[in-house]
């Protein structure tokens, strides 16, 4: 049986030339490199361009996305979509829950409030092994998944704008 998570979406609304922001948390450099590689490959395949903004950790990603959206709009070069990339590994305290839940909530709030296409590629895992399995482009490729999600939402936005 085909993996339903990988089934191509039928909407092929053109997203070539889209300007996409990637905000990445560089807390785990090697894992982040893999997430970024997967996301960039998907954007290139779709003909989208991208800028990368780096922040210290996952909690800083939502604010950085909001700041960048505002700055780009003010400069007359608005972003069409954004991708959040990072990794949160469970430790011995509740910090994991706070970071994973609050970053996801803030990204969702931002996307809904601004009607802005956003793919969340902040992986939340129990172990380094789980992180690698999710980050590698040849494996679960969560960076690529986040890019596909952002582009899918952009396609919906563009298609409905024409209706």
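Here the Cβ of each residue, glycine as well, is placed from N, Cα and C on the backbone.
Per Swiss-Prot, active site, proton donor is recorded for 95, and the stated evidence type is sequence analysis. Residues annotated as 5-amino-6-(D-ribitylamino)uracil binding site in Swiss-Prot, with sequence analysis given as evidence: 27, 58, 59, 60, 87, 88, 89, 120. The (2S)-2-hydroxy-3-oxobutyl phosphate binding site feature in Swiss-Prot is assigned to 92, 93, 134; the stated evidence is sequence analysis.
Feature map: annotations from Swiss-Prot on the structure.
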| residue | record | Cβ contacts under 8 Å, 6 or more apart |
| --- | --- | --- |
| 27 | 5-amino-6-(D-ribitylamino)uracil binding site | 56, 57, 58, 86, 87 |
| 59 | 5-amino-6-(D-ribitylamino)uracil binding site | 99, 102, 103 |
| 88 | 5-amino-6-(D-ribitylamino)uracil binding site | 58, 96, 99, 100, 103, 122, 123, 124, 125 |
| 89 | 5-amino-6-(D-ribitylamino)uracil binding site | 28, 96, 125, 126, 127, 128, 131 |
| 92 | (2S)-2-hydroxy-3-oxobutyl phosphate binding site | none |
| 93 | (2S)-2-hydroxy-3-oxobutyl phosphate binding site | none |
| 95 | active site, proton donor | none |
| 120 | 5-amino-6-(D-ribitylamino)uracil binding site | 84, 104, 107, 108, 146, 149 |
| 134 | (2S)-2-hydroxy-3-oxobutyl phosphate binding site | 123, 125, 140, 142 |
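When every Cα pair among 92, 93, 134 is compared, the largest distance found for this (2S)-2-hydroxy-3-oxobutyl phosphate site is 23 Å.
In the structure as shown, the Cβ atom of residue 87 (5-amino-6-(D-ribitylamino)uracil binding site) sits within 10 Å of 29 other Cβ atoms. Around the Cβ of residue 60 (5-amino-6-(D-ribitylamino)uracil binding site), the same chain contributes 25, each under 8 angstroms and 6 or more positions distant in sequence. When secondary structure is read from DSSP and collapsed to three states, residue 60 (5-amino-6-(D-ribitylamino)uracil binding site) falls in the helix class.
Taken residue by residue with DSSP, residue 89 (5-amino-6-(D-ribitylamino)uracil binding site) is part of a strand.
Other Cβ atoms within 10 Å of the Cβ of residue 58 (5-amino-6-(D-ribitylamino)uracil binding site) number 26 in total over all chains.
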